[in-house]
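Following: one structure in structure tokens, then a few remarks.
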Amino acid sequence: MKNIRNFCIIAHIDHGKSTLADRLLEFTGSVTDREKQDQLLDNMDLERERGITIKSHAIQMDYSYKGEQYVLNLIDTPGHVDFSYEVSRSIAACEGALLIVDAAQSIQAQTISNLYLALENDLEIIPVLNKVDLPSANPEEVTDDIVDLLGCDASEVIPASAKTGIGIEEILTAIIERVPAPKGDESEPLQALVFDSVYNPFRGVETYFRVINGVIKKNQLVKFIATGKTYNADEVGTLRLKQFPRNEIKAGDVGYLITGIKEAKEVKVGDTITDAKSPTTNAISGFEDVKPMVFAGIYPVDTEDYEELRASMEKLQLNDASLVFSAESSAALGFGFRCGFLGMLHLEIIQERLEREFDMTVITTVPNVSYHAFTRKEPDQIIIVNNPSDLPEPSTLDRVEEPYIKATIITKSDFVGNVMSLCIEKRGVIKNQTYLTTERVELTFDMPLAEIVFDFYDRLKTVSKGYASFDYSPIGLRESKLVRVDILLNSQTVDALSALIHADNAYSIGKKMCEKLRALIPRQQFDIPIQAAIGAKIISRETIKALRKDVTAKCYGGDISRKRKLLEKQKKGKKRMRQVGNVEIPQEAFMAVLKLND
Ligand SMILES: Nc1nc2c(ncn2[C@@H]2O[C@H](COP(=O)(O)OP(=O)(O)OP(=O)(O)O)[C@@H](O)[C@H]2O)c(=O)[nH]1
């Protein structure tokens, strides 16, 4: 055990985690040239394309140092806020962390939030100043920033370039010398922390774990404490680029387990694995069920595809346990699903995967957060509102509570004014303002989560010219004055376009929505009035003027087959449009409320 080192890499998004991980694998000879491929750890197509690590992975390397052989377990962590719970579990499986800071961008919001997670878990922090090869790098200044943040010595910061290979050997030396070897007792009952799981269509769910105490053996009967289920350990092994089956994995080490579990839901990140016959009495603390934060309806474009969509969603859920959905129906869109996501990025990923992997064309409705409503009749009974249409009638409503977050934003001092006005506009209340250096400021706000869902990231980027980073954590629910703004097209309410909005903003947002919809909905053969309403009261109105693009006009008289062909063609062009009453609505219109300021 004294020659094992478990470490993770933490960083703000795009500071170079994955690239550095690749370099470490190369340097330790863990990959052959043939296996070399950019961003080895990001093995989902989507991950490569978006350049972000969606799921965390683990990999083992051998390294000899001063004549001794070491096993280094690298646990890669995702960088986006939507997946922060996974970061925290990966961190809990390690004794040390490489804290990567981009030498051009310095410390950003997630650098700090991830660092706090690591410090909470008593990890040894090795600061790495990455991208020193960049012409825009500011190594001295950024080193000072790191020293200020960590209270360490400047000599402890390792200058590196994951691109050119500078500093890689120093990093490996630091891992061995500075990260403590794992503690743990092989003779104790088995206690292993689940930090990740991956769905494999052929072998079922692969569970990644770190053994804290005891030994996990092939064919042992193991129990997952949180779910209470028992399985046979069909295969255990260590993770290299491929899996290496072993007979046992001992305390301190990291490995994978295959038990024939078929659904990702059964394996929960943060759970404890123990021996079914002589179980440990204490589960590893900190287990938390991940809760979806953002809800939206997903509907098939073609109503006939409903069953197929259900099958696709079920398959997606097999390998993404954080996706939740239940059937719902909308007067406008027919049958579909109300889905819960970890955040907006997660929503986009699911939508994209449905289209790519399952060839489904779907309509996503206005996303919203989960509210708690209370009626006058039963003021103590929580009604969970994941869909605007679930909000009780205003006349019966006692109060509504909405989820709040603590938002942390780091920006340059020049943009503090802009960022503040944006956050205040978004109903934020400033809590703190700290100068990290003379140039860089950390601002904290209490804000409604719903405001983050609605175009916050893009606006923040714009007002700060890209020099702002953002992180958030939920802080519970607070009472709020919310109303439901409905949209009527051609005098018919389109329930899928309804949104819950703070009463003070309802008028201006209702007006903007009508304007936006007028721009997005194509003209049709008749005038279409667009109205925004609160209850029975119309608060805004726009009209789409009639126009007919008659594709069959150039067909003379009787040639019906040609006419049909043209109509067919026109129908294809309408993909991703939904007929609601007699109005056709394109997908963008359903998301219009998110982009009111474009
Ligand atoms: N010039 C230079 N570019 C680098 C270096 N390290 C990484 N990059 C580039 O920075 C970008 C982001 O690197 P990634 O490794 O994908 O960043 P990441 O932190 O893993 O990002 P996520 O996985 O999305 O959290 C890529 O375009 C890399 O090629 C470096 O040392 N020098």
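Every residue, even glycine, has its Cβ placed from backbone N, Cα and C.
These features come from TrEMBL:
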DOMAIN    2-183  domain 'Tr-type G'
BINDING   Asp14, His15, Gly16, Lys17, Ser18, Thr19, Asn130, Lys131, Val132, Asp133  GTP binding site
Pairwise C-alpha maximum, in angstrom, for the residues (Asp14, His15, Gly16, Lys17, Ser18, Thr19, Asn130, Lys131, Val132, Asp133) that bind GTP according to the record: 17
Listed binding-site residues adjacent to ligand 1, that is, members of Asp14, Gly16, Ser18, Asn130, Val132 whose C-beta is under 6 A away: Asp14, Gly16, Ser18, Asn130
Neighbour count (Cβ, 10 Å) for Asp14 (GTP binding site): 15
Residue among binding-site residues Ser18, Asn130 with least C-beta crowding, 10 angstrom cut-off: Ser18
